[in-house]
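According to TrEMBL:
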- 1-184: domain 'NADH:quinone oxidoreductase/Mrp antiporter transmembrane' (DOMAIN)
- 189-281: domain 'NADH dehydrogenase subunit 5 C-terminal' (DOMAIN)
- 39-61: transmembrane segment (TRANSMEM)
- 68-87: transmembrane segment (TRANSMEM)
- 93-117: transmembrane segment (TRANSMEM)
- 129-157: transmembrane segment (TRANSMEM)
- 177-199: transmembrane segment (TRANSMEM)
- 220-240: transmembrane segment (TRANSMEM)
- 246-270: transmembrane segment (TRANSMEM)
């Protein structure tokens, strides 16, 4: 998946939209009745948890914009597969649908940014994006926050529900740790991306292709923005035939929020260290 992202954009769009991302998860959702109580699901739980962990770690060390988004998709795929292997295919399908909304928005924003940068994908060359394309940056930030699972955006409804079902299940501590640590890492690379794109100085190393907003793209991007705000709440009413009512202690209930705040704080600290964000040109 990250190797397909370094390819030209049509290749990565085809690979990312159809083959690698949704087909395997959807096939396992359809066939989950055959797979129930198999030893295969235990292996699948372990492998998908480790996939989440690996993708979250390696997105923090990556400098290619599309590759970061691809690794975050891989992390969410690990989340879907692991909740599927715990025997909750409706939650996996719910997360598949909500994730499709904000990740499509995220890829469209990244495409606009890369096109504006005259086809440079390295995030170290970007900076001060929000000064030039504010509406695209708005869409990018809101879809990133929905990916993190900020409360009452689309990603919160599916991701928080999945993590609370994990908290209720009687699995071992390693699976629990992998889930929550991967959620924290999601917040981590999102804050890192936000610092590189929005907060940094205008890097003169590349002459920006300073267009206005791409208003043709913004029409569909605003539709996706609206969807990634409301689709979590909407689908959680629509597709579950009974509501998931989860009673947990207050600290366990707030654990997702705690992990997100820890990831936000550590991402802010790391981005504040100004290691890579020095403007090389002005030096």
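Just so you know, glycine gets a Cβ as well, placed from its N, Cα and C.
Helix, strand and coil content of the domain 'NADH dehydrogenase subunit 5 C-terminal' (189-281), in residues and according to DSSP, is 56 helix, 0 strand, 37 coil. Within the same chain, the transmembrane segment (39-61) stays apart from the transmembrane segment (246-270): fewer than three Cβ pairs sit under 8 Å, each pair at least 6 residues apart.
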